[in-house]
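Here is what TrEMBL says about this protein:
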- 1-22: compositional bias 'Basic and acidic residues' (COMPBIAS)
- 25-38: compositional bias 'Polar residues' (COMPBIAS)
- 1081-1100: compositional bias 'Basic and acidic residues' (COMPBIAS)
- 686-822: domain 'Integral membrane bound transporter' (DOMAIN)
- 1-72: region 'Disordered' (REGION)
- 1020-1110: region 'Disordered' (REGION)
- 111-132: transmembrane segment (TRANSMEM)
- 138-161: transmembrane segment (TRANSMEM)
- 197-214: transmembrane segment (TRANSMEM)
- 220-243: transmembrane segment (TRANSMEM)
- 255-276: transmembrane segment (TRANSMEM)
- 662-679: transmembrane segment (TRANSMEM)
- 691-711: transmembrane segment (TRANSMEM)
- 717-734: transmembrane segment (TRANSMEM)
- 739-756: transmembrane segment (TRANSMEM)
- 762-781: transmembrane segment (TRANSMEM)
- 802-825: transmembrane segment (TRANSMEM)
Amino acid sequence: MADDNEGQRQDHEEGGEKKAHTESPLYSSGQADTEATTPTPPLPKTRSNNANASSNTNVHGPSDDVPTDKKPNFLTRLVNRLGLDAATLITMFKGSLPPTIAISMYQAAPITAYFTTLGYLVPIVSVLALAILPRGKFLMNIILNLFSVCLVAAISMLALWSAVKAREHTRSSAPPPSSGTGGGQAMTMVPYNSSQSAVCAVWLFFGIWLGNVARAKLPAFNLPVIIFSIFVNVAATYGPFMTTTTAAQRFVRELLAAMLVALALALAVNLLVFPISSRLVVFKEVEGAIGLLRRTARLQREYLVSLEKEDMFAVASHATGSGAQEGRRLTKEERAAKQLQETGDKMRQLAGKLHADIPFAKRDFAWGKLDGDDIGELMTLVRNVYIPVLGMMTIIDIFKRVSEHRGWNHHHGEDEDEMPDEDIAAKEREKRVWNEVMKQLHEPFEILSEAIDQGLEHAGICLELLPRPKKNKHADVEAQGEQVQPGDPGLAKVLEEKVAAFYSKKGELLRTWVRERGFRLEGEDEDEERDELPGEQRERDQSQLYIILYMENLMHASGEAVQALVAFADRKVADGTMSKSRVIIPTNRRLRKLLLSVFNNEDSSGEESPDLTETGNTIVYFGDGYNRKKDPEHLPPETPWQHFGNGLRKISAFFGSEESMFGFRVACATMTVGIVAFLEETQRFFMEQRLVWAMIIIALGMTMTSGQSFFGFLCRVGGTVVAMVLSLINWYIVDGRPAGAIVFMWFFIFISYYFFIKYPRFIPAIMIAIVTQVLIIGYELQTIRLGREVAERTGQPWYPTYLLAPYRLACVAGGSLVAFFWTIFPSPLTDRTWLRRDLSATLYLVANYFGVISSTLQSNLDNTAGDADIPGTPAHQLYKVGRKIFGKVMMLIPSMTQHSEWQRWEPTIGGKFPREAYDDIILRSTRIMAYLTLISYTLMHPNRVYNASNNDMGDDDENPIHSREWLSALSKVLRTLKPAHHSILSTLTLLSNSLLSGQRLPPFLPLPRPYEMTKRLMKLSSSSPYPRDGDDNGVGYDEEYEEETDGAPIRLVDSRTGRDDSDEDRLLRKRTTRLNQKLGHIPEHDDHRFTERPRARRPAEVNMLDPRNMEQPGYTEFAVLQVCTTLVCDDLEGLVKAVSGLVGVVDFSFRYVGSESTVGAKSIADSAPGGLRRRK
């Protein structure tokens, strides 16, 4: 039965992995996956299907009693290979319905009579409304679409009215034409009026500029602005033919009706045809996260096993992936690490998607069980699980750095022939010590990984995210006994026992490690002490202990996080939440936040990016401190007149902003084609050749970066070629019969949506292909329905399909070329520039996150943090800010990776783009963020089991006092980390500003030394007692020594106040303590709690970092802090090198390069050009 459960668990892990990392960009943000196996978010009816598929998997293996599955036939293999599951087919069908319904409706006489020649807009807008979006996102878009359509209708009516008035005031006294221009009336070429055309051109330019400024400033308006641009393009280009206000009103009314009907069709399809809620998308993502986490735990176990063996650097039996492609076969350790890293990368991408999708799920109307608060708590608990689980993957990075530093991974005995025998023996001895450490970690992790796997599966089953595994008819019931399985009520107790067993094993492992190194624990014979080891060996032992404590702390934290998730699931089952469904209505507060988020600089996911067809972009609000400079020429305003002047300056700043420049570019690109419609000699040509379609392509094709625009240009032309071919096949295969043409058009659109879903990178080509097919076939069907004579009254001659399709291709190619030209002219905003900005913003956010961590550590040391669960306390505020920054970085990382891919399409003029340097900065920034997240998690989530078992350690009378004294001493010592923290924060901020502005770095940067404090503490005199609370006279811990530990004859000055940082720190601690005491969150300090008489000191008290103190509260957290700080400093040094290679370094030094004969022979002025040169 255990084997059966393991097989089913692996099925769920693999299924979750497939769901997790390859979601369509329309459903979630993050980097778009271009693999053909990308599945769509599953729908409600597919849950049982997926469950059956998982349950029917043969987990028994070959057996006489259990029949083996038949080999799938060719059709089944093809369907599986293409990923044509039920969810994908339903989404394809759902996307193809709105345009098909719109064209079918047009065949009815009342619809034809009302819309006449504007009927082609209905299917086009129904496609752009994106009915396949999840309900929450679609409803937000439909509201914004309605707002933009009504607004543009009002603007268009004003534009046409003013144009008609311009004609009336400038025409001759001759009577007006008898036949006005209206939507359904015959269009005669009325006399040309330059004033009317000029007014329409001005309104067109203004409308396009206004819409695209909103598009760039407010990403949520991306889709509405595209529809806005289509409306204003059509209205302004038909405006010069309007002779009366009545005709203008009729024309705008028909345009508005066409838009509203299209949006109504999309709304009906979204809500009634296989509805997909945003909650369901999140639930499926959580299901995928559970599968990935279970797989990560299993692969982590396999990786630790690979480090247990002495042949860990031996070449694997077969090599896969990049290592084999580069000509070098992977070692066993590298192969295990590669699999683990790939799974971890998928989990990180999924975390970014969850961060973007959670707000929509919490604000969605639904019929379900978990409400918005439950979803938010579930996300928090899942986040608390994946942070330590993914944190354990840092052992790969640690091992890589240790092996490179020690020279373990030299292949084929490189350089070993020249090494002395004793060095080789020492190296092998070190490797064996590492193998033993990994073996010691294996058994506790085996216990914990099973608990994590069962706990995650149990939570998924109880919350109905995972199907219950079917009982095996061939299982031995007697052998199973009363064994508790995931989904059973008593699993929480089993998990608690396993976590307790892990903690017990962990304690035994640490005690064994201490004894093997000659230490004596409390209660043992202390008369014999080990001889003092050399400093290097002591540092290595200390590093090994840190790594052991680091890994075990993350393992323990993972177990406790899973316990919390299981407790949440059991609580929801116990209180009846999961027993029945109910109507879920978001609160007024959530709806208000939804509306406000549209008009502010909130984070946005890929589908809300500045360009619909360039998915995967991420817009992140970095905060007021980023890219906001104080004006060195103006002080803050004081008088009303000064405030009024500031308002005027904001107006000029708005018109000069990047968003306004983008709107100006789009308006200029539109007018490049639109000017043809407003000149007397070319006006007829514009109408006959339907150049308005080129203007619509410009609205679809303009992007803010040149790399996307060039790629989009190729995609749009390619998509139109495909659409032209499909339209010719469609029309002539049925000989122009309307019924057959509609059916074939639906089929081709249905197939097109497969590529729309599976290959999101080619969405530009697919969108144009769909819209162009609708336009060509819709126009031909419209002509058949209206008759050729009526269709040509608008001034557009009828063309057969074999001519109309190439003309559409020419329009698309021309519009795309104009859009690309105005993207790079007069100066391009390249993806390379955007990537540099994103990197700068990421470093800024990492610095901000590090500041939050430093503040959290400082408040914990000062006992002023309070309870993180109580709103209003400093700990709660710091936790909220840290969580928000973490989510922003998780969204930025896929965006940076995609910009790195897009820049390949930009033409390189001059030197080569240093992509390797940028990729290195992305990698190091991501790793630093991961290490800081682990520090934050450790500070905010201390382990609970230790407190329960603390009384079993040592003497009950003395151990509590000893622990408090040790904590007091540790808090004093940790204050020496402040200069290192300040230097990390300052360096990250400086690197961010340097990348943003392109300015060179200063010649010297303060890089911290991570293990300097460890060395300092290990060298403390044995006569130094623990400092008492309130006693600063202990050697090495007073304020004077705290300044000396900075290691340099300088003092830190706060740039914000200009005062000494130590003085600022004391004032801040006093203010915070008084504030929290007033709030009642923090008890007043008792300055006399450690005034007991001096007592005899244990040997472990001689050195605070003595391994025998490992069970003291805070020692494990200190180990995590040291390991992560070391990794951060290592990557920070690499960041400085990479950034300095990009922006350069300011260097005013000089060096002498002349010969000795020139000394004294020439004057300094003569020798300076040849002998004294500036350092390069």
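For all residues, glycine too, the Cβ spot is worked out from N, Cα and C.
Annotations in TrEMBL come from automatic prediction, not curation.
Proximity of distant same-chain residues to the transmembrane segment (197-214), defined by a Cβ-Cβ separation under 8 Å and at least 6 residues beyond the stretch ends, is recorded for 148, 152, 155-156, 158-160, 162-163, 166, 221, 225, 228-229, 232-233, 236-237, 239-240, 659-660, 662-664, 666-667, 670-671, 674-675, 677-679, 683, 699, 702. Counting Cβ pairs closer than 8 Å and at least 6 residues apart in sequence, the transmembrane segment (691-711) and the transmembrane segment (717-734) reach fewer than three and form no contact. Per-class residue totals from DSSP over the domain 'Integral membrane bound transporter' (686-822), listed helix then strand then coil: 118 helix, 0 strand, 19 coil. Looking at 111-132, 255-276, 717-734, 739-756, 802-825, the range that has the most CB pairs within less than 8 A of the transmembrane segment (762-781) turns out to be 717-734. Sequence-remote contacts of a segment are chain residues at least 6 beyond its ends whose Cβ falls under 8 Å from one of its Cβ atoms, and for the transmembrane segment (802-825) they are 665-666, 668-669, 672-673, 689-691, 693-698, 701-706, 709-710, 712-713, 716-717, 720-721, 723-724, 727-728, 768, 772, 775-776, 779-780.
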